[in-house]
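K.L.:
Here you go, one structure.
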Amino acid sequence: MRPRRFTANGPLKGRIGVPGDKSISHRSIMLGALAVGETRVTGLLEGEDVLSTAAAMRAMGATIERDADGMWHVHGVGVGGLLQPQQALDMGNSGTSTRLLMGLVATHPITATFVGDASLSKRPMGRVIDPLSTMGAEFTASPGGRLPLTLRGISPAVPIEYRLPVASAQVKSAVLLAGLNTPGVTTVIEPIPTRDHSERMLRGFGAELTVDVAADGARVIRVRGEAELKPQDIAVPGDPSSAAFFVVAALLVEGSDLVVENVGLNPTRAALFDVLRLMGGSIEELNRREVGGEPVADLRVRHSLLTGIDVDPAVVPSMVDEFPVLFVAAALAKGRTVTTGLEELRVKESDRISAMRAALELAGATVTETEDGLIIDGTGGDPLPGTAEGASVVTHLDHRIAMSMAIAGIASRNGVEVDDTRPIATSFPVFESLLESATRP
């Protein structure tokens, strides 16, 4: 355990950059490893989750190296060229690595065992096992479809048409990646749109992929298999999920005026910023541009008094990871914020609904937990009291709980004690040092 008390340290000023987008980092390594030739990646997020993906692709034959300037070089094996790994693939804490790599392995004639840490081993994999089994892959999983899990891939696999029963970019991506080495056309039908990095990047690497909208509004995504992917040069934009912590911090701490540079604003990911604007947050987009098919801008954020709202459940897929820090913003808003439709948060790295209710209550917020969300009565802009001496927030090995409550701490009177800051390294290794530099006078 590495506990830490986060305390008010003055306004956030100046300009900061956040690390590369986690979703794009994972996919650039995976698709680079399936292309023929060298893919070069700058701005890669070097957190533990992405490094788990890189280690797994190395174990299956790709050559992946980082040079002294921080550029990553990926020499791929070609679609269909993945090799049998010699030992279990350790996914650490990364649900994304696990589910997407299961898709890749499922349609190669290899067998792989996936293992993970205590938190990942509690997360259900059944939603990925179901469609991949239909394609012909075989699974031996721990009870409840959990890790450790052994997957026996099949080639040639059977192309399927799969309608997602629950909005999940990871399940969608797993099936599309499985489709790359499957003869014919693999189809995913998505009733509610989720983040579309996989579609954008598959096209960018040269896969034949189409997206149509059905009569009922569902997205119909088709990928033609036995593709030949071409290597790419990728500049990874800053991660909006990481930027979220600093955007909320600057809104809450009086006197703040902060620019967060190079933030990816993919519309399937950036709903938090729209919700915060609806609450009265001053968030301005400067220097809007497009990098590698992804919209990017610098965000200028100024301290604002937020007002509570009813958050439309339709935005959930576009900000599913940002709710913990939105709860912190709501705790200091004027009036009541109501969130619904958040069942998915109960099966993240922790049960984020109950974990954040307990954490915010400990810090002095007024919170009611419901089946599918939280109802938060804000302080009207006053700082939270903070946690009492000897009391610390339980993060449940969840990086987003730890970082959200760190932000609550810098917007509190007495500070917030977080029981363990180590999980932060999974997605944002420089979070604490960046927070210190933003609040340094």
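Cβ atoms are placed via backbone N, Cα and C, with glycine included.
Bear in mind that the values here come from a model prediction, so they are computed numbers and not experimental data.
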K.L.:
From the candidates Lys122, Lys334, Lys348, give the one listed by Swiss-Prot for the same 3-phosphoshikimate site as Lys22, Ser23, Arg27, Ser168, Gln170, Asp321.
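P.N.:
Site partner of Lys22, Ser23, Arg27, Ser168, Gln170, Asp321 for 3-phosphoshikimate, according to Swiss-Prot: Lys348.
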K.L.:
If you count other C-beta atoms within 10 angstroms, which of the binding-site residues Arg27, Arg123, Lys348 is the most crowded?
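P.N.:
Within the set of binding-site residues, the most crowded position is Arg27.
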K.L.:
Counting every protein chain present, what is the number of Cβ atoms, excluding its own, within 10 Å of the Cβ of Ser168 (3-phosphoshikimate binding site)?
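P.N.:
Around Ser168 (3-phosphoshikimate binding site), other Cβ atoms within 10 Å: 20.
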K.L.:
Pop the Cα-Cα gap between Arg400 (phosphoenolpyruvate binding site) and Ser23 (3-phosphoshikimate binding site) into the table, whole Å please.
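P.N.:
Roughly 15 Å, rounded to the nearest whole number.
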K.L.:
Counting every protein chain present, what is the number of Cβ atoms, excluding its own, within 10 Å of the Cβ of Asp321 (3-phosphoshikimate binding site)?
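P.N.:
Its Cβ shell of radius 10 Å holds 23 other Cβ atoms.
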K.L.:
Mind giving me a neighbour count for Lys22 (3-phosphoshikimate binding site)? Other Cβ atoms within 10 Å of its Cβ, every protein chain shown.
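P.N.:
Result for Lys22 (3-phosphoshikimate binding site): 26 neighbouring Cβ atoms inside 10 Å.
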